[in-house]
Amino acid sequence: MDEKIFISPSKYVQGRGVLDKTGEYVKDLGKKALLIADEFVWGIAANRVADSLKEVGLDVVEVTFEGESSEAEIKRIVKKAESGGADIIVGIGGGKTLDTAKGVRDRLKGAACAIVPTTASTDAPTSALSVIYSEDGVFERYSFYSKNPDMILVDSTVIASAPPKFLAAGIADALATWVEARASFEGRGTTMAGGKATIAGLAIAEKCEQVLFDYGLLAYEANKRGVVSHALEQVIEANTLLSGLGFESGGLALAHAVHNGFTVLDGDIHHLSHGEKVSFGILTQLAWEDRNQFEINRYIQLLSKLGLPVTFKDLHIEEISRDELLKVAQTALQEGESSHNLASVPSADDLVDAMVAADQYSIAYLGK
């Protein structure tokens, strides 16, 4: 498709105490809300959302998310929504919970969707797509929807109280936004919005990177103390809104494809977050693009200071064989992957070499 396309949610709200105002923002979307959150999030946030909805007269159906944004989990919750007569789907929590909520809403034609992230760990909240995994956590596909969520509600105090590793993971995911959008544009790739990148999508992606290099470390340090600083507010918006709009209407490329490739591996890497794996994917893409040492070192420095993986050792795959890396590469390069948005798509062997080069560049820069 040659048309330019830009898509976005209808409303984005961010600030202190937003969680307890959910009802006021959501009340006009429908009459009965189905709330999806995992067991932990029910304790720290979802009950407050439920109370806020009830205060404005909305009926509430509560569902506990079971851990994977899988086809089976979406179908399970759809049945509960249908039997409960829900016309608003509210996802509360991390990326997989939110992706599941969007999947449920898509099956319930005419339902509205409100997204309430409790961490700034991914750019999943704003998008009209879900990443679908097997019940064992292996990447299967992207599922695209006809519209974005109606509303995104981000409580800065909730984000500030979350462990800093989640913010760091979100910064990695968001740092990939401009790296990939630039590459996708140069390769005339198709964005997740289904067309070519708009000037707006690219500008947002580039601004996202600027904010992260300006404020990322400051926000991370503020998060360690649980305070809502100006820097933290800036980075919450970059991780959530700028990255979400930028990746969807700007384009993905190799960094996220490498992440998807890593999901085929067994072992401790399987327990790393989305952003932690994307962190190394960024360096791999920069290595493949033959970016100069100053640009690559700039990323290594920021990612490593945030405690993010920049070497195979950091990914818990220090002893990985070339054959295993080839499996990662083959998955990252399979038909339909975002790696095909690149102007020059590597072979599997080329991609393995880029991963090894990225590992060595980081080792050399950090003196490990």
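Cβ coordinates come from backbone N, Cα and C, glycine included.
What TrEMBL lists as domain 'Alcohol dehydrogenase iron-type/glycerol dehydrogenase GldA' is 9-155. The annotation NAD(+) binding site is assigned in TrEMBL to D38, G95, K96, T97, L98, D99, T118, T119, A120, S121, S127, L129, Y133. If you look up TrEMBL, you'll see D123, D173, H256, H274 marked as glycerol binding site. For H274, the entry in TrEMBL reads Zn(2+) binding site.
This view paints the features noted in TrEMBL onto the structure.
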| residue | record | contacts (Cβ under 8 Å, 6+ apart) |
| --- | --- | --- |
| D38 | NAD(+) binding site | T64, F65, E66, G67, G93, G94, T97 |
| K96 | NAD(+) binding site | F65, G67, E68, S69, V131, Y133 |
| L98 | NAD(+) binding site | G91, I115, P117, A124, P125 |
| T118 | NAD(+) binding site | V41, I44, A45, I92, G93, G94, V158, I159, A162 |
| A120 | NAD(+) binding site | V154, I159, A162, F166, L167, G170, V235, I236, N239, T240 |
| D123 | glycerol binding site | G170, D173, A174, T177, N239, T240, S243, G244, G246, F247 |
| S127 | NAD(+) binding site | K102, N148, M192, G244, F247, E248 |
| H256 | glycerol binding site | A176, E180, V278, G281, S338 |
| H274 | glycerol binding site | G95, S121, T122, A169, D173, H259 |
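Residue density at D173 (glycerol binding site): 31 other Cβ atoms are found within 10 A of its Cβ, drawing on all protein chains shown.
Using the Cβ center of D123, D173, H256, H274 for glycerol, the list of other same-chain residues with Cβ within 8 Å runs, in sequence order, G95, T122, A124, A172, A174, A176, S243, F247, H259, G275, V278. The domain 'Alcohol dehydrogenase iron-type/glycerol dehydrogenase GldA' (9-155) scores a mean pLDDT of 96 in the predicted structure. The maximal spread of the glycerol binding site, taken as the longest Cα to Cα distance among D123, D173, H256, H274, is 12 Å.
Residues of the domain 'Alcohol dehydrogenase iron-type/glycerol dehydrogenase GldA' (9-155) grouped by DSSP class, helix first, strand second and coil last, total 53 helix, 45 strand, 49 coil. Cβ neighbour count for Y133 (NAD(+) binding site) (all protein chains, 10 Å cutoff from its Cβ): 20.
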